[in-house]
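S.K.: Before I ask anything, let me first share the structure, which is written out below as structure tokens.
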Amino acid sequence: MSQQGYVATPPYSQAQPGMGGYPAGFGSAPSQPLYRQYGGPPQSFPAPPTGKDTCLWSPIPPVKSSAPQLRYTSMQYVIVRLHSCSVLKVDHPPLAFPAGPGPVQSPQAPPTSHLTQQQFQTAPPTAMGHPPMGPHSSQMAHPQSPLAGPTMAGPQSMGGPPPMGGMGRPFPGPPPPGAGGFQQPGPGAAGPPGHPQQLQGQFGGQMAGPGMAGPGMAGPFQGGAAQMAGPPQKKLDPDSIPSTTQVIEDDQAKRGGQVYTTNLRGQVPPLVTTDYTVQDQGNASPRFMRCTTYSFPCTADLAKQCQVPLATIIKPFATVPKNETPMYVVNHGETGPIRCNRCKAYMCPYMQFTDGGRRYQCGFCNCVNEVPAFYFQHLDHMGKRVDFYERPELSLGSYEFAATLDYCKNNKPASPPAYIFMIDVSYANIKSGLVRLVCDELKTLLDNLPREDGAESSMVKVGFVTYNKILHFYNVKSALAQPQMMVVSDTAEMFVPLLDGFLVNFQESRAVINNLLDQIPDMFADTNESETVFAPVIQAGVEALKAAECSGKLFIFHSSIPTAEAPGKLKNRDDKKLINTEKEKTLFQPQKAVYEQLSKDCVSQGCSVDLFLFPSQYVDIATMGDVATHTGGSVFKYSNFQVERDGQHFLSDLRKDVEKAIGFDAIMRVRTSTGFRATDFFGAIHMNNTTDVEMAAVDCDKAVTVEFKHDDTLSEETGALMQCALLYTTISGQRRLRIHNLSLNCSAQLSELYKSCETDALINFFAKSAYRAMLNQPLKTVKEILVNQAAHMLACYRKNCASPSAASQLILPDAMKVFPVYLNSLLKTGPLVGSAELSTDDRAHQRLSTTAMGVEDTQLLLYPRLIPLHNMDVASDVVPTPVRCSEERLTDAGMFLLENGCSLFLWLGQACPPEVIQSIFNVPSLAHVPIDLRSLPELDNPQSQKLRSIIDSLLDQRPSSMKLMIVKQKDRSEIMFRQHLVEDKGLHGGASYMDFLCYVHREIRQVLT
């Protein structure tokens, strides 16, 4: 096989003791508007000593810098020149970002020196919790120091202490100690000859943006002599820093609409946002498997040096478009799938046949196996079996095997799964109208239960339970004229009071079930019971499935924290005083005991839990959602639910959830070729041991992120092979094995690794490892580790792969140039922010939801699509090209749609033309548009039809439904919209993209010095 392909750079998952001194977290939001800072109060700084560092503002008129321009060369990286005022510009791969006016130069200066910007000696932004850097604190190297010389690009390993304590699980060990032990040059470091030494400016090392207030000054540009001496600094054009929307657009232009064939080892697929068609020719489609890098480093030392996490995000049941070949099923009859005798890998394209076809050598462990007589086939003159193209398992990357009884529980054939609907009929759900809404919907929804392709009807059985403090089971046997209710009031010893008639075929029992669904809302209409139980409800579902000897799913519709006396009773532990303390992590730790055991019981029975929550106050999602998360289920949350406002949103979610493709009672194992192995797993999963990933159910939206570590040297010649094998029960009760194979390149050159990293996969790994780490470590520490990992990855690239350049330049690998914007967005997400203004339940919900997300979902969540609608072409079928996620892109006369997979906003500028408003909303002006509108009126004009078709197509693509929110400019509701503009400063703390780039640059320089 060809060994072309390029490689991807992901962030590392380990804590890095001794890295880059990052003493504190991202802090709180500004209490007053500040400019070019992370949101701390204005600081006064001690007067700096006269030293030999560059000054912030030069008393002599500075040299003019050239206008921003894009310059393409053959090198694949981006250079960002960062001025100490956080001013930047771009020239392209190497995309250089020249800053504003450069330092003063002497006549003897070499001709290239105009490229070098002033020393980047920014203090860590104050809202990150850092003390401002005084004149004597560790500064960056002088721009003309040896750091910028040719020595920097040598292949030698990075100086400073050895990175990474333990290389085991993500985020191990204590926070990075202090400044990391990296030696800093003193303030008097002299530059090379020909460059005059310059005095430090009045404000020491602080980042001086256009609006920075110095000591005793009220606001922008009211400075002292040093500030007034030079001309005002030109504000940086935001278009000059790497743009996510541009990267997405470029990839779509280059690879969109093309056929991506998977015959090459280690090739980097199109981005998740690109529209492409896959042709399987021996490696799994990127819809099923995506890697943080498609070229693994050959040795553990290289991996440790570059700090790039080696991980694969596997979505075993990903939806395949209609124009791609569906999964083939291979049936070897009673002998079952052919496997290697030693490592148990399944037959795949990486097995080499020898000895005229009588033997094969395993690609994973190199063991030579005999070919079974029934499977024998001659080889052609190339050594390939003559039936190569007739056997999916020899020629394709993904396929299924029919499993034999050996793969079934207790060696008995599996049964079709069951869906049990469990409705909380306490006062809150009756009063809100939810119970009636659910019952009415189920009458039609149950016709759409999932079925095998080509089957006339679904084989899934259904059952019904209602509950408050006690549980009611219903006999809906088809022979009955009326449904029968059985009550279990002893919730401490849960049992199912009936077997026959509880789980039934919907088509056979339709009349009785519809009768029951009509009666339930009336039966409990006068209830005053407000207390509920929760754990016994799940226990009842598990017992019912156990008695029926099948796997299945529980759909639980629940309203409040379970306070009734029963196992799993919960207390309100929402304490805002814990936020930004060491104990904040306890808010996200599930309350163990009953729920931990319940998760294990569910997984062993193949019982998945989907939880629909309708809270009006705190419900402890961290605990209640924990069972769902460990059983391959989902948690849906509708705060302060009102039928007319939220009903359609909830019903859309319920329909998608009931109808989606799914497998049950699943167990997954990831096998690798020699030299590396899977060490860590993230997802809606349960792990009983270190290798078997257990999932009570796995659906088309759930992904498992797997991290790999070296245990030996990898060979460039053979590459790195991986095989994901998933054993599961189909919707019709068959036991199957779904196999996905992927081959990657291996390289001893770090440049190969960085050349083909995949930023979207990287940030998926980063998010999941950070969200797991926050259960055990303070948020401040988690955020420090994230930034440290990123700084080490980028510093290693600069040191070992980039051409020598001035230290004031930030150099990013081309494949990772937008990585900082995603990382900054991750640091500003609810779970990591630590703000008392955010609800603990919302933060816990986002944390749990992200755990099971695939690459496309985390990409959209961390960089939402902002689509301009005011100038859309109504005649075209194409969705308008999204713009950058920043307030600067909004226009008073504009109309924008913002979506991130969870939320959908329609933003209306205050000068939006009345004719546009009329065509969309059928009202004369913006003031008349009702903000509580939940769907657009269906009007017969091109604008309305185009906008509704765009919204429908977005809703259709996303795993869960999104509720449309109308937002008017300068309205109170705009706050929720603005927190999704991820390139701007965070509402609850966190940097703008531009400030964060400067901050990362400072960290990189600290690592390099």
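Each Cβ is built from the backbone N, Cα and C atoms, and glycine gets one as well.
Please treat TrEMBL annotations as automatic predictions, because they have not gone through curation.
I grabbed these lines from TrEMBL:
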- 1-53: region 'Disordered' (REGION)
- 1-16: compositional bias 'Polar residues' (COMPBIAS)
- 98-256: region 'Disordered' (REGION)
- 105-115: compositional bias 'Polar residues' (COMPBIAS)
- 116-127: compositional bias 'Low complexity' (COMPBIAS)
- 179-191: compositional bias 'Gly residues' (COMPBIAS)
- 202-217: compositional bias 'Gly residues' (COMPBIAS)
- 218-233: compositional bias 'Low complexity' (COMPBIAS)
- 337-375: domain 'Zinc finger Sec23/Sec24-type' (DOMAIN)
- 415-658: domain 'Sec23/Sec24 trunk' (DOMAIN)
- 663-747: domain 'Sec23/Sec24 beta-sandwich' (DOMAIN)
- 759-858: domain 'Sec23/Sec24 helical' (DOMAIN)
- 878-951: domain 'Gelsolin-like' (DOMAIN)
S.K.: Rank 337-375, 759-858, 878-951 by Cβ pairs under 8 Å to the domain 'Sec23/Sec24 trunk' (415-658) and hand me the top one.
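M.R.: When the Cβ pairs under 8 Å are tallied, 759-858 comes out ahead.
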S.K.: At a C-beta cut-off of under 8 Å, are there same-chain residues at least 6 beyond the domain 'Zinc finger Sec23/Sec24-type' (337-375) that contact it? List them, or none.
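M.R.: Answer is 282, 330, 383-385, 393-397, 401, 403, 671-674, 721, 723, 725, 737, 739, 741, 743.
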S.K.: Calculate the per-residue pLDDT averaged over the domain 'Gelsolin-like' (878-951) and state the result as an integer.
M.R.: 94
S.K.: With DSSP helix as H/G/I and strand as E/B, how many residues of the domain 'Sec23/Sec24 beta-sandwich' (663-747) fall in helix, strand and coil?
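M.R.: Residue counts in helix, strand and coil order: 0 helix, 56 strand, 29 coil.
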